[in-house]
Amino acid sequence: MADTTPEPCGQLMVHSDTHSDTVLASLEDQRKKGFLCDITLIVENVHFRAHKALLAASSEYFSMMFAEEGEIGQSIYMLEGMVADTFGILLEFIYTGYLHASEKTTEQILATAQFLKVYDLVKAYADFQDNHSAPKPPALNCTGTPVVVISNKKNDPLKRKRGRPRKANGLQEGRSELAAEGELQLRVNNSVQNRQNFVFKEEDSVKLSEQTPEDKESEPAGEPGSVEEVPAEKDENFDPKAGDGQESQSRCSRRRIRRSVKLKDYKLLGDEDDQSTAKRLCGRKKRSSGPEARCKDCDRVFKYSHFLAIHQRRHTGERPFKCNECGKGFAQKHSLQVHTRMHTGERPYTCTVCGKALTTKHSLLEHMSLHSGQKSFTCDQCGKYFSQKRQLKSHYRVHTGHSLPECSHCHRKFMDVSQLKKHLRTHTGEKPFTCEICGKSFTAKSSLQTHIRIHRGEKPYSCSICGKCFSDSSAKRRHCILHTGKKPFSCPECGLQFARLDNLKAHLKIHSKEKHTADSSSVSGSNVDEGRNILQLQPYQLSTSGEQEIQLLVTDSVHNINFMPGPSQGVSIVAAESPQSMATDPAANITLLTQQPEQLQGLILSAQQEQAEHIQSLSVIGGQMESSQTEPVHVITLSKETLEHLHAHQEQTTSSVPAADTGARATPVPSTRPGAELTQAPLAVPLDPSPGATVAGWPFGPSSYRSLKM
């Protein structure tokens, strides 16, 4: 009902005595439905959705925490060092003004309320003790557990809640009997009280219509000395449900509860006064928290010595929780549990949109914001929005002048130091993750996990259009782009379009090599002569039958080949470059040198018709010539780029030789081959193809070998 008070100036001031309860009831309904909740509080892996504004208005802890962040806020917070059941009851009090708890948990709830500075509850409990200094035997609920129901209504009869239908008579009678047996009720008005000195205005048991509201100015929230006093409101129609406490307990009992370790403490001006005042309000039954726990290194103050002990590990470097797999230490047990999932590969949280699996629910919630497009983090300098806090932190360097972490080798920049650390492995060659099955090493843990799926034959990611399966989710995403028909990546040199970025990057290398080849043509003849080196291929064994041969596709840039084939393997050489240069160059010859002639079953020369007559000589040391050509099963392509690598070898650097389907790596070694004509050491290329690699039924005919060059 509303009260209308005439004013001398002719204005009316209308006040509703049910508005505050209506707003709180609406917010509580929104919280239960997750509607318009802008913050998630995680306590013992239990997620509580809430409204940030209401938390800040009810708790100085949250108010100060949000004020410290300023405009750079976030939507997910981890509160460690609390019990999920206790925090759930406290959160219900913030939204309803009622506390339903057993006597044995009341002390723990009050300790949490004092820590979070929910002074309305502290005040309500102090009034509760003052009014019941000689309390009656507590009433028992249906389970026989003593229950304390706190509200700020005194000696009011129980009535049904506003707007709700009456329950069955049996339930009403049971609740009346429960109240008659001595259930104590004290309802608290959730208005903002004086947070500094606990100055509360005592209200008599009168109707709100008989009071005159007082308007008082208050300082901004979060500043010392802020005072905003609002008269307490009395709701004559309010009727707490006896089943609310049971419902809350049953809801919390289904949550996964475990011991927490740490909770960040926010130090406010006047905290010492607040603590001493709170002790006086709670009376002698309140257990003293003892002397303050102060860190000697940073002078930070904690309410409990347990939190101080955890905090001091930052200064001492103590990491008591060790990983059994790698020996890495952690300051908190929870951090160790998350780290252990890296070794086990456990990723229990999966994105329902893209199927990506993550190790923690916090990571999943942050990842889901990428799909929803929700950008909860705003830059207070330029107003730009971000979906992740680390993105905002990286962006903030633009305004602060701090540069992003940069690689000293390639000058590439990264969002954080951890990403730079992973990138540096590509330069240093460090591969700390090794496959236990085949011994292959990787620079990233994710690459090892994908590799292990190949051994196991696991392909959990399938294309929804064609059904093709993949062992890596990124490979599936790249594949799905092909079905769209879109080619958003265009070559700036020739305008050729590609559906995938990696294909464009591979294409751009062709242009860069063409430019490099054009520049190298202007090199003096002496340098070219020095570049004509011996390409030494180390022993290479195919995993297939002995009748299959190895085919070398060479160019006019390579004149001598030292190759040691495996047992019962044939070798064929295919000339695949312009005949004009070979005809004009008197040194244009291909020499196959073998150190194990008894293992060479056959040597085959296969060239295009117009090229065969321009090859001046084919020298063979060991082995014998055959005129027939068997079907090629493995092709090793040696193109003009070999000359570039020979120049690099001349400078004592390691470089890669393009080899189709081999992934060959070039390393300089001293020449041990008898009969070497050049003084320079040959370039050794250890060939390591994939197991069972074969190109049987190769689609290119002999006249198309030119297209095989890299």
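Glycine is no exception: its Cβ is also placed from the backbone N, Cα and C atoms.
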Of the residue ranges 52-74, 75-97, 489-511, the one that Swiss-Prot records as zinc finger:
489-511
Mind checking which residues reach the zinc finger (461-483)? Cβ under 8 Å, same chain, six or more beyond either end.
354-356, 450, 453-454, 499-500, 502
Stretch-averaged pLDDT - the domain 'BTB' (37-103)
83
Take the C-beta pairs under 8 A between the zinc finger (293-315) and each of 321-343, 349-371, 377-399, 405-427, 489-511. Which stretch has the highest count?
321-343
